[in-house]
Amino acid sequence: MPLSYQHFRKLLLLDDEAGPLEEELPRLADEGLNRRVAEDLNLGNLNVSIPWTHKVGNFTGLYSSTVPVFNSEWQTPSFPDIHLQEDIINRCQQFVGPLNVNEKRRLKLVMPARFFPNLTKYLPLDKGIKPYYPEHIVNHYFKTRHYLHTLWKAGILYKRETTRSASFCGSPYSWEQELQHGRLFFKTSKRHGDESFCSQSSGILARPSVGPCFRSQFKQSRLGLQPQQGPLARGLAGRSGSIRARVHPTTRQSFGVEPSGSGHIDNSASNSSSCLHQSAVRKAAYSHLSTSKRQSSSGHAVEFHNISSSSARSQSKGPILSCWWLQFRNSKPCSDYCLSHIVNLLEDWGPCTENGEHNIRIPRTPARVTGGVFLVDKNPHNTAESRLVVDFSQFSRGSTRVSWPKFAVPNLQSLTNLLSSNLSWLSLDVSAAFYHIPLHPAAMPHLLVGSSGLPRYVARLSSNSRNINNKHGTMQDLHDSCSRHLYVSLLLLYKTFGRKLHLYSHPIILGFRKIPMGVGLSPFLLAQFTSAICSVVRRAFPHCLAFSYMDDVVLGAKSVQHLESFFTSVTNFLLSLGIHLNPHKTKRWGYSLNFMGYVIGSWGTLPQEHIVLKIKKCFRKLPVNRPIDWKVCQRIVGLLGFAAPFTQCGYPALLPLYACIQAKQAFTFSPTYKAFLCKQYLNLYPVARQRSGLCQVFADATPTGWGLAMGHQRMRGTFVAPLPIHTAELLAACFARSRSGAKLIGTDNSVVLSRKYTSFPWLLGCAANWILRGTSFVYVPSALNPADDPSRGRLGLYRPLLRLPFRPTTGRTSLYAVSPSVPSHLPVRVHFASPLHVAWRPP
């Protein structure tokens with residue numbers, strides 16, 4: 001006869017009419033009983049022959065992926081001009097006095113952030129924009145390209161101009177070495193003479209493949225080759241130019257550059273238009289005139305003709321340089337859907353590329369990408385705006401994967417101890433938080449995104465994708481890409497983007513200037529950054545509380561008026577550091593704070609309402625006696641696990657589900673087990689904050705017996721059969737709690753101390769979780785434990801009773817100053833003088 005739910009509850013001692021605990025509880029540790037119950041509840045039967053269920057409510061498992069929806073009306077979000085102040089440490093010190101080591105170290109980590117993976121795999125430009133929406137290829141291409149352009153304009157991306165230089169918009173940082181007209185320009189240095197400056201820049205931009213003698217003159221650095229100063233280096237740089245110039249003296253003409261008399265381009269500043277320009281020209285000459293093998297590897301992806309204005313003017317001089325888009329102007333329409341109809345709509349399509357406000361030197365960056373991008377809805381509640389997803393998962397895979405740094409996430413109890421109080425709360429919204437943190441330019445070659453330009457993208461993805469030859473010159477090839485679909489799409493997009501269609505149809509390679517979201521390093525850096533800032537704020541306002549997790553920042557104060565003035569001061573401080581807040585999204589919570597999916601008030605912590613509703617919906621849809629795919633079980637456990645600490649039996653109740661996921665087998669819910677879980681999650685109990693106090697109740701056990709010391713009282717007992725030591729210690733702790741009712745118990749067992757009961761026999765874990773709910777444990781060494789003697793059967797010997805103080809833990813999140821108490825009545829002026837210099841103790 002299967003086990004009924006009532007009987008199962010009684011078995012777990014969840015009902016009041018259970019017998020004496022000392023007899024009932026040890027029975028639950030019996031392996032035989034655990035096995036029989038598991039069989040009765042059909043928990044152990046993992047091998048099933050019926051087909052698995054792959055969908056429960058919204059949860060899907062193997063073989064079914066949610067089809068993303070493309071929205072042709074997506075708006076690209078606007079990004080403020082985010083520029084985090086470089087002297088952020090000095091500004092913080094002016095605000096709060098000297099920073100402690102922790103804060104300094106964290107702020108230095110992000111100014112600038114560095115990222116050097118072991119190995120970077122470069123992908124062809126065609127893979128830059130993922131064909132995520134096959135029905136909307138062209139539309140998705142332009143929307144993504146527009147998003148990337150917006151990020152570049154906002155100073156979040158670099159644009160690769162040549163192998164060794166990039167341009168960007170916005171304010172430069174000191175570690176970005178600026179090139180002015182192709183020369184390296186250091187703000188700090190006095191310029192000694194044009195000649196040496198120019199030779200230096202030509203060294204930077206010259207290709208390192210000239211030969212060993214050339215390379216040896218330059219010292220290799222993280223940012224590429226840097227010449228050693230001196231006449232030899234200077235002469236060599238000049239000669240390297242001349243070696244190149246003689247290779248193809250005839251080709252120079254077609255590139256719109258007048259060579260000097262001898263056919264030798266001199267490298268001094270007086271008679272060259274710009275070193276940057278020459279190197280671009282050189283590169284173009286090389287890339288088009290070397291062997292076909294070189295051609296195929298370059299992916300014809302980057303058009304070099306538009307690096308400077310002079311070469312852009314010479315568009316009509318040769319077929320190599322002409323722009324795909326503008327070529328349609330001179331061609332006969334091939335059909336009613338020929339792109340030439342669109343190109344002839346406008347006289348002036350604008351430039352082929354846009355130049356940034358600043359040019360900087362970068363390490364050698366290939367014309368490739370390292371990750372693909374695509375667009376999705378900004379979030380489930382906001383489908384009007386798009387969000388860019390960047391796939392840099394290559395850095396988390398394979399043998400060369402980067403092991404990302406770990407960082408402290410506050411656990412539920414720490415969070416409750418810290419934030420459960422009678423304060424008034426508000427939360428700040430940092431806009432585009434990740435894009436605040438600058439990346440060193442040396443990381444650029446590893447974080448590249450971009451696109452190969454419209455013609456290649458469309459040709460590669462269209463059904464009749466012909467091999468793209470190198471005969472761009474012939475009109476037939478030009479019209480290969482004309483199609484009704486492309487024509488209609490472009491006509492609609494013309495309304496949105498206008499002449500930008502031309503700009504966006506060109507290839508582009510962009511590197512990240514601020515940390516991207518798709519790299520495991522970013523959450524770590526953001527967490528370090530916001531926690532350091534909050535630590536500074538707490539020190540400046542010791543009678544208030546500021547706390548952050550990633551980009552979620554909350555402020556708390558004793559009264560609403562106090563909170564408002566605190567909010568104003570903090571906002572001004574954050575703005576002075578260059579942190580952008582979103583004023584429309586500031587939320588005032590009153591006395592119960594919504595944070596990290598929890599509601600935290602003076603009574604403790606509970607999960608937020610939307611999570612409770614999700615759980616109820618999940619149970620409504622949960623099928624009984626049908627095997628459920630383990631991948632779906634993973635999703636279910638993820639949801640139930642979040643709310644498990646608020647239930648009677650906690651995580652141990654979910655152990656059968658964990659076991660099936662580990663075995664990668666289907667799980668079948670029996671009616672009793674489902675009813676048990678359902679009841680567990682219908683009544684949620686708040687997790688309360690721990691109070692500090694003195695521990696006066698101690699428990700200890702041996703495999704055969706247990707002992708308690710409560711004040712001056714001693715108790716002991718024996719087990720029917722010897723038990724594993726951890727199980728015995730857990731039982732002793734349960735007896736101590738039920739006998740004394742004390743919320744503080746001293747134990748010498750680390751497993752009991754951890755309050756994780758998932759490694760014990762299943763039934764015992766569930767029962768112990770309910771008995772010990774809300775109990776805090778203090779570690780007492782065995783030698784000092786007053787319950788040690790009774791557990792060994794000796795009641796006569798008294799060890800002195802310890803006075804063990806208990807301090808509630810706030811985990812590693814407690815970077816927080818000791819606050820003086822605040823008077824309950826409000827003074828005339830809220831006094832912000834900090835007693836910190838006296839009271840602050842480093843954590």
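Residue numbering: from 1, along the chain as shown.
Cβ atoms here come from the backbone N, Cα and C positions, even for glycine.
The candidate list ASP429, ASP629, ASP700 contains one residue that Swiss-Prot assigns to the Mg(2+) site with ASP551, ASP552, namely ASP429.
The average pLDDT for the region 'Terminal protein domain (TP)' (1-177) in the predicted structure is 81. Annotation for ASP429 (Mg(2+) binding site): spatial neighbours ASP551, LEU581, ASN582, LYS585, THR586, LYS587, criterion Cβ-Cβ under 8 Å with sequence separation of six or more. According to its DSSP assignment, ASP551 (Mg(2+) binding site) is coil. Counted within 10 Å of its Cβ, the other Cβ atoms near ASP552 (Mg(2+) binding site) come to 16, all protein chains included.
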